[in-house]
């Protein structure tokens, strides 16, 4: 896991403030951080969050941590950039329910925000600077320092024997075929339910999620149908690999997955 990329600290600070600002939603009650909380796991503990009207959303909320390292964003992989994803969320009638123009009107009527944009970008708020600030903050949300990273860097005591057994199983069973790379996922599409049903069948093909911090982000799968990490591991092995795992195998793999929990601002990522 690399450290966060170099960035203008003014942009990061402005983006963080925008990320926490409920004025970015139609009703002024929902901020980006309402569902993607960087103080815990970058998401929340709900199976499905709700629309502004209270109906369940289609997908379980993904963590914002390390999203910058994914080649596509959201469960269906519909976005190539953080800026595009942020714009879509703001203008989605179900998520933030507003428009970029409406957000900009609110910011332009706030003298403090106008001053912050001028200090950071040399001009008042506009579409490009709004989305750039949010995306720059999101690019800072990397979580290095996991036990697995420390072990890869040469610390033999960073990973327990059980977690090392789990890592070997993770590779030998074929989990690594989809979950690999710096983000341990997030870099390809895959059909789910290859051998047995896994979760809601729609959509049939999904972006493979990152497994970093996975022990903190229950419930699991795009529909939030697996309540625990043990359940997710068993169900994935059966559905994707046609393998029924023993209890010791599940324990070893989950020990490895727990070793993927990194740190943010010097503190371990935690469940809500």
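Placement of Cβ uses the backbone N, Cα and C atoms for every residue, glycine included.
Listed in TrEMBL:
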DOMAIN    10-142  domain 'Cytochrome c'
BINDING   32, 35, 36  heme c 1 binding site
DOMAIN    161-261  domain 'Cytochrome c'
BINDING   175, 178, 179, 236  heme c 2 binding site
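Mapped onto this structure are the features recorded in TrEMBL.
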residue	record	contacts (Cβ under 8 Å, 6+ apart)
32	heme c 1 binding site	18, 19, 20, 24, 64, 86, 89, 134
35	heme c 1 binding site	43, 44, 49, 61
36	heme c 1 binding site	19, 42, 43, 44, 61, 63, 64
175	heme c 2 binding site	169, 236, 241, 253
178	heme c 2 binding site	185, 188, 190, 208, 240
179	heme c 2 binding site	170, 185, 208, 210, 211
Restricting to the domain 'Cytochrome c' (161-261), what is the model's mean pLDDT?
97
Other than its own, how many Cβ atoms are within 10 Å of the Cβ belonging to residue 236 (heme c 2 binding site)?
23
Let me make sure I understand the span of the heme c 2 site: among 175, 178, 179, 236, what is the greatest distance between any two Cα atoms, in Å?
12
Could you give me three numbers for the domain 'Cytochrome c' (161-261), the DSSP helix, strand and coil residue counts?
43 helix, 8 strand, 50 coil
Cβ-centroid neighbours of heme c 2 site 175, 178, 179, 236, 8 Å, sequence order:
170, 174, 176, 177, 185, 208, 211, 240
When DSSP is mapped onto helix/strand/coil, what comes out for residue 36 (heme c 1 binding site)?
coil
